[in-house]
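Asks: The structure's right below; bear with me while I get my questions together.
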Amino acid sequence: MTGEGWGGAVARVCCRSASGARRPHPPQSQARDPCLPLTFIILAGIEKLIFLYWSGFPFFSPWEDANRSPPVAVKSAMTSCEHPDFLQDDNMLSSQDDGRGKKKDGQPGSPSSSHLAYGILDVPPWYLCILLGIQHFLTALGGLVAVPLILAKDLCLQHDPLTKSYLISTMFFVSGICTLLQVFFGVRLPILQGGSFGFVAPSLAMLSLPAWKCPEWTLNASQVNASSPEFTEEWQKRIRELQGAIMVASCVQILVGFSGLIGFLMRFIGPLTIAPTISLVALPLFDSAGNNAGTHWGIAAMTIFLIVLFSQYLKNVAVPIPIYGREKKGHTSKFYLFQVFPVLLSLCISWLLCFVLTVTNALPKDPTAYGYQARTNTEANVLSQAPWFRFPYPGQWGLPTISPAGVFGIMAGVISSMVESVGDYYACARLVGAPPPPKHAINRGIGIEGLGCLLAGAWGSGNGTTSYSENVGALGITKVGSRMVIVAAGCVLLVMGVFGKIGAAFATIPTPVIGGMFLVMFGVIAAVGISSLQYVDMNSSRNIFVFGFSIFCGLTVPNWVNKNPEMLQTGILQLDQVFQVLLTTSMFVGGFLGFLLDNTIPGFKTAVSAPV
């Protein structure tokens, strides 16, 4: 199924550039677009759900079931986050409790959130909600932008920055929808949703199948005509395959969540399963990070240096900023700028340096020369081609297609995402002063995340969605646990997804800057997985064997299968593809072995208990 008729009036308007010229991207037909009614139905449903929420429809309260404690498997995914206040200013972010559970401004206070400027049920001033919502957007920006950029090469979009900008905008838009759904109807904690790295590895494994490898001509910039129907169909049929796999796999997550199976499954998933699974999300991506950074190691090294400098050495340095308040007309407050925005600051400084080196012609002009990819004008035309406003909608790339190989591969990402999200729920509840979420709230949260993945697949983001751990950590930095701030962040994501120029700007980031960011980001993800072992007795030879064998096989088996695909020949093409996708997905191989060995080898698993 190609779905070439999926488009219509919205796409024709949205693909108009700032200069007024139309770009036939994607190709359209005159047939009535079946996606538009579906779009309005989905948006109307979301509007109805929000109306029910504000009308007092009975949903889970975060103060229910305060005596519950998280299972051991989930405790391992929880990390404490002790940081100084985001703003040290009484007027802006702090308010006093009068000892009766009420704040002086008349808003209800929570019994266990005295260390917070605003608790989970508090509503900060509207302007503060917007500012902190923008901050959460910027905190998640690295992950939101990185996922489409990683997938771009295997989607044959290496030389089509305009389509990359569309994918980035779609990711923003879908993340906004999923964030609002999770806050209003899911676990109802202040957790932001965004693209998941857990889906990247199985997606790349699926796209590496012989049937989906990009033709050689798509890798040559001189032979690529981004507006030609032939090229458009090349990348669209790949993303449609991803869409179908994500949508089907998300149905499994919806079933696991709303049926309550997640609580049963978590009894068998311990730190020795979580550690190799999460670590192997990032470790196999060393090739992608190295190739991007290797286009200019000087720029990449500077990006790495700045991220390390800001996030590690200067994180406790407060920057005074002017504040205007009602009581104090003009004064300054301390803002931990380097701690909150280390990646964004590093990216902007490196980007600016590349711009200066481009203007002064310090970088080579020859496309084949080393360092050319560091120039900022290699994809500069995307800013003029991108429309000011573009409304992403379901089926914008065509009707999704389905194959068993893709579905089984993405399921591995779904399992990884669920395990990580459950840990995020408990960590978030602890940071915002709420009791541990009860089982029915966790079930609903996982179910809503599955629904979010279904919407992400329908919209064609090329990825699923999950809870963002970095934004959970930001709650500890800002000391603001209000749900309204995350609602504002979701609205910011929706707005950013509609502004086409925003996605186009991020699509022009020089390749070595991206490579430097990847090196740090993937290293941190791998370390987060390994940190789960702090709740395991690593003096035990049993536990050392389970982890070491799982993670080493998770690297070795996919490498061998990629080099010897002809050895997996059963005579059934679909079965061969399923085996190849699963066995080339490192996180599946390592996670499965960790799960199997940890639950079958006798012995003690844990040595210490995680903090509740």
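Using the three backbone atoms N, Cα and C, a Cβ is placed for every residue, glycine included.
When I checked TrEMBL for this same protein, it listed these features:
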COMPBIAS  97-106  compositional bias 'Basic and acidic residues'
REGION    92-111  region 'Disordered'
TRANSMEM  35-54  transmembrane segment
TRANSMEM  125-152  transmembrane segment
TRANSMEM  164-185  transmembrane segment
TRANSMEM  245-274  transmembrane segment
TRANSMEM  294-314  transmembrane segment
TRANSMEM  335-359  transmembrane segment
TRANSMEM  397-415  transmembrane segment
TRANSMEM  485-507  transmembrane segment
TRANSMEM  513-536  transmembrane segment
TRANSMEM  543-561  transmembrane segment
TRANSMEM  577-597  transmembrane segment
Asks: Using a Cβ-Cβ cut-off of under 8 Å, list the residues of the same chain that are 6+ residues beyond the ends of the transmembrane segment (577-597) and lie near it.
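Replies: Distal contacts: 198, 201-202, 205-206, 208-209, 211, 268-269, 272-273, 275-281, 283-284, 403-406, 408-409, 412-413, 415-416, 545-547, 549-551, 553-555, 557-558, 561-562, 565, 568, 570.
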Asks: Is it the case that the transmembrane segment (335-359) and the transmembrane segment (485-507) have 3 or more CB pairs under 8 Å, with pairs at least 6 apart in sequence?
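Replies: Contact between the transmembrane segment (335-359) and the transmembrane segment (485-507): absent.
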Asks: Hey, which of 245-274, 397-415, 513-536, 543-561 has the most Cβ-Cβ pairs under 8 Å against the transmembrane segment (125-152)?
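Replies: Between the candidates 245-274, 397-415, 513-536, 543-561, the best contact partner of the transmembrane segment (125-152) is 513-536.
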Asks: Is the transmembrane segment (397-415) packed against any residues at least 6 beyond its ends, judged by a Cβ distance under 8 Å, and which are they?
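Replies: Non-local partners: 1-4, 6, 26, 196, 198-203, 205-206, 209, 236-237, 239-250, 252-253, 277, 450, 453, 457-458, 460, 464, 574, 577-578, 580-582, 585, 587-588, 591.
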Asks: Please figure out which one of 164-185, 245-274, 485-507, 543-561 racks up the most CB pairs under 8 Å against the transmembrane segment (513-536).
Replies: 245-274
Asks: Any residues 6+ beyond the ends of the transmembrane segment (543-561) with a Cβ under 8 Å from its own?
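Replies: Tertiary neighbours of the transmembrane segment (543-561) are 205, 272, 275-276, 279-280, 283-284, 533, 536-537, 567-568, 580, 583-587, 589-591, 593-594, 597-598, 601, 603, 605.
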Asks: Against the transmembrane segment (485-507), which of these stretches has the most C-beta pairs under 8 Å: 164-185, 245-274, 294-314?
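Replies: Most Cβ pairs under 8 Å with the transmembrane segment (485-507) come from 164-185.
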Asks: Which residues of the same chain, at least 6 past either end of the transmembrane segment (245-274), have a Cβ under 8 Å from a Cβ in it?
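Replies: Counting only partners 6 or more residues beyond its ends, the transmembrane segment (245-274) has Cβ contacts under 8 Å with 71-74, 76-77, 199, 206, 400, 402-403, 406-407, 409-411, 413-414, 417-419, 422-423, 439-440, 442-454, 456-458, 463-464, 529, 532-533, 535-536, 543, 546-547, 550, 591, 594-595, 597-599, 605-606.
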